[in-house]
Each structure stands twice: as C-alpha cells, then as structure tokens.
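Report on one structure; see the data block that follows.
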Amino acid sequence: MAAEIHSRPQSSRPVLLSKIEGHQDAVTAALLIPKEDGVITASEDRTIRVWLKRDSGQYWPSIYHTMASPCSAMAYHHDSRRIFVGQDNGAVMEFHVSEDFNKMNFIKTYPAHQNRVSAIIFSLAAEWVISTGHDKCVSWMCTRSGNMLGRHFFSSWASCLQYDLDTQHAFVGDYSGQITLLKLEQNTCSVITTLKGHEGSIACLWWDPIQRLLFSGASDNSVIMWDIGGRKGRTLLLQGHHDRVQSLCYLQLTRQLVSCSADGGIAVWNMDVSREEAPQWLESDSCQKCEQPFFWNIKQMWDTKTLGLRQHHCRKCGQAVCGKCSSKRSSYPVMGFEFQVRVCDSCYDSIKDEDRTSLATFHEGKHNISHMSMDIARGLMVTCGTDRVVKIWDMTPVVGCSLATGFSPH
C-alpha cells in the first residue's frame, strides 16, 4: 500500500518520507491529519480513505469508504473531526471520524451544486460549509439545518476558494482568470471587488489573514501576491514555474510561499525581502528606443519608407520596444522573474550580477501534482495527482526549521 522511503537527508531539498499507492484513479485531494501519522485522501475512484502509519513504517487504510460519485474536493476540520467531501455530481457530503480514525459516520448530504464541486471550506464559527463548483457559483449552506443559505453566480466555472473567518469575506477564482471578493451574509452577499491580473484560469488561492495577503496561482504558470491589507493595489508577480500552478501554501512565520505546479515543480519563494512590482506594459505605435514604426503604423512606415517591426515589451521598464532594441535576456528575481525574460538593452546594462541572485528555490516532486497541503507546525507536505500516487515530504530542510518550535533539524 505504502512504502517508507529512506532518503539520505540533503540540506537543500525536500526529503521524501513516504509514498502511498493503491488508488485506482487520480487523487484529487490529500490532507495530513494534525498530530497524527495519518493522511486523508479523496479520489476520482469514488473513495475516501484514511491512511495511518503502522509500526512497519508503511501507511495502510484504516477507513475505506466508497461514494456514489467521483470525489472532486475535500475539507477536514480536525478539532471536530468533520470531513466534507465534494463530488462530481455537485453534492457535498459530511462525515464524522472517530477519535482513533478507524470509523467514519455519515452525517448529511448538502445539495450544494448542479455540477462538479471544485473547492470546500468549513467555518465552525458560522456553522457554514462554503463551496464552489463548475455550475459557475459559490454556495454557502448551514451545517446545522443542511439548508442552502445563499449562492452567487459567475460568468465562468468557479475553480477555487478562500475565506476570511473574521470578516466573512470569500475569495473566488474562476476559469476566466478573475478573482472575485465577496462579503457573505446569512441569506445574501455583495461583490466587493474583482481582481484581474492573470492571463489564464485561476487554479488555486491562499489567504493569509494575519498580513492580509492573497496569493493566486494560474494556468499562465505564474503566482500573484495581492496586498489586500495595504489598500494601495500593490501586486507582486512571481514567475518560476514551467506549468500550471496547482497549489499554494504561505508560511507566515518564515515569510515563505510554497507553490506546486502540474509538472511536479515545487518552488519555495522568499517573501521576506523587498520585492518590486512588475511595470504595466506601455503601448506605442513605434519603438520607444529607436522610434522605428511597428507594423500597424502604416503612416510612419510610408513616410520613412521602412518596414514595420513587431512590438515587444521590456519586463523591467515596461516600454514597447522592437526586437533589435531588446535582444538580450536576463533574470530579475526582485521583480519575480526567476528565469530569463526579455529586457531592453539599457535595462540589461543596468542589471548587476547581484541583482540576478535567485530569491526562490526550485525542487522536483517527480510526479504530476494536482493538489498539495501542508502541516505547517511539523513542516510536512503531502502532494497528490493524476498518477494516483500520494507523497509525504519533510520540508524542514527547505523552509529552514520546524515552524512551531523553531527547532532546526541541522
């Protein structure tokens, strides 16, 4: 069922502790059980499984429950030991797990959506279960009565969700690349604002209520940090992945962001440094360096008897430039560009060698990652994906210490 991996610890990379196999289809969610050597998984194979580590070091299923429909999302509340499972048919089901994690009792079904559930969050304080789905809506339901309290529709599939417990604000990412901030009330809601910055569908969100920062990952392979608390519209772009960003986790104590992408890439971003906002791209009818016309500028092409050029943009200054004036490439990590991007010649000359020092570390998960979650207190991470494999990682060599105690393993 599960193999215990004895990797030689290396100070610079995540250590693979265990690999769990046995699912018959893609694993859509995997969550570590706090203070236990256990993992809860939900899969397209219609099963919910609770895996506990045995004396042999291997993980074996102590609970194996088959659902009526493929499982598409999951939330777990440890203090009350409640599991909420979203399904492909739109229903959300609630279960209660026994104290020894050997038995799971069905509580109720919530008719939350008309189509696949994409994300679930449970608020114990409000007694709400909030969910998003491919029926283009966010719904919130009362866990006491099981009744629908409200729903709000979007123009495209709602793909991910975060919720601020104190203010009852929900953040919903969708397939159009937009993030909507909603204030949820008992039977209604109001749209506060929409955030636009990604060029692809939003795949994941992470909300840090302490610094009031929202992080989003998308199919444009990028992460954006939205400084909600600063109230100045400040955003930071982070580009280092080569595939769709699928999962995020912000470590507030160490100011590090962990992100995972579909190709198995694991990135750890240092957010405890002074970063710069990437500039808005400027528009011009001619190169802002050599003044040669771009190909749609027919009048200047005719007047100067020159061929029109393609428009490009310098990632550092945002100016519209031709290919000749932006022939060089450079990384610029302080602006979030961890790999080489197009810069104009004058910006290239202004970038010093120390400016190219990476502000992130990149690692290989060696499987397709569709979902990741962390037990931040223990520095553990679990990843899962379409290869049906669940991997448990020790992230303390990468993030520096055991986050709860400040104890360094080295």
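Glycine residues also receive a Cβ, built from the backbone N, Cα and C atoms like all the rest.
As written in Swiss-Prot, here are the features:
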BINDING   C287, C290, C322, C325  Zn(2+) 1 binding site
MOD_RES   S408  phosphoserine
REPEAT    22-61  repeat 'WD 1'
REPEAT    66-105  repeat 'WD 2'
REPEAT    112-150  repeat 'WD 3'
REPEAT    153-192  repeat 'WD 4'
REPEAT    197-236  repeat 'WD 5'
REPEAT    240-279  repeat 'WD 6'
REPEAT    364-403  repeat 'WD 7'
ZN_FING   281-352  zinc finger
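With pairs at least 6 apart in sequence, the repeat 'WD 1' (22-61) and the repeat 'WD 7' (364-403) have 3 or more Cβ pairs within the 8 Å limit; the two touch. In the structure as shown, the Cβ atom of C290 (Zn(2+) 1 binding site) sits within 10 Å of 11 other Cβ atoms. In this chain, the repeat 'WD 5' (197-236) does not touch the repeat 'WD 3' (112-150); fewer than three CB pairs sit within less than 8 A of each other, excluding pairs fewer than 6 residues apart.
All protein chains shown were included, and the count of other CB atoms within 10 Å of the CB of C287 (Zn(2+) 1 binding site) stands at 22. Within its own chain, the repeat 'WD 2' (66-105) has Cβ neighbours under 8 Å at 25, 28-29, 31, 33-34, 36, 38, 40, 42-48, 50, 52, 111-122, 124, 129, 131, 133, 135, 141, 143, counting only residues six or more beyond its boundaries.
Listed in sequence order, C287, K289, C290, C344, D345 are the same-chain residues six or more apart from C325 (Zn(2+) 1 binding site) with CB atoms under 8 A from its CB. Counting residues 6+ beyond its ends, the repeat 'WD 6' (240-279) has Cβ neighbours under 8 Å at 14, 200, 203-206, 208, 210-211, 213, 215-219, 221-223, 225, 234, 315-318, 334-339, 359-374, 376, 381, 383, 385, 395, 398-401, 403 in the same chain. Remark: C322 (Zn(2+) 1 binding site) has C287, K289, C290, Q292, F294, L309, R310, Q311, H312 as non-local neighbours, by Cβ distance under 8 Å and separation of at least 6 in sequence.
Under DSSP, residues within the repeat 'WD 3' (112-150) fall into helix, strand and coil as 0 helix, 22 strand, 17 coil. Excluding the listed site residues C287, C290, C322, C325, the same chain places S286, Q288, K289, E291, Q292, L309, V321, G323, K324, S326 with Cβ atoms within 8 Å of the centre of the Zn(2+) 1 site Cβ atoms.
DSSP classifies C322 (Zn(2+) 1 binding site) as coil under the three-state reduction.
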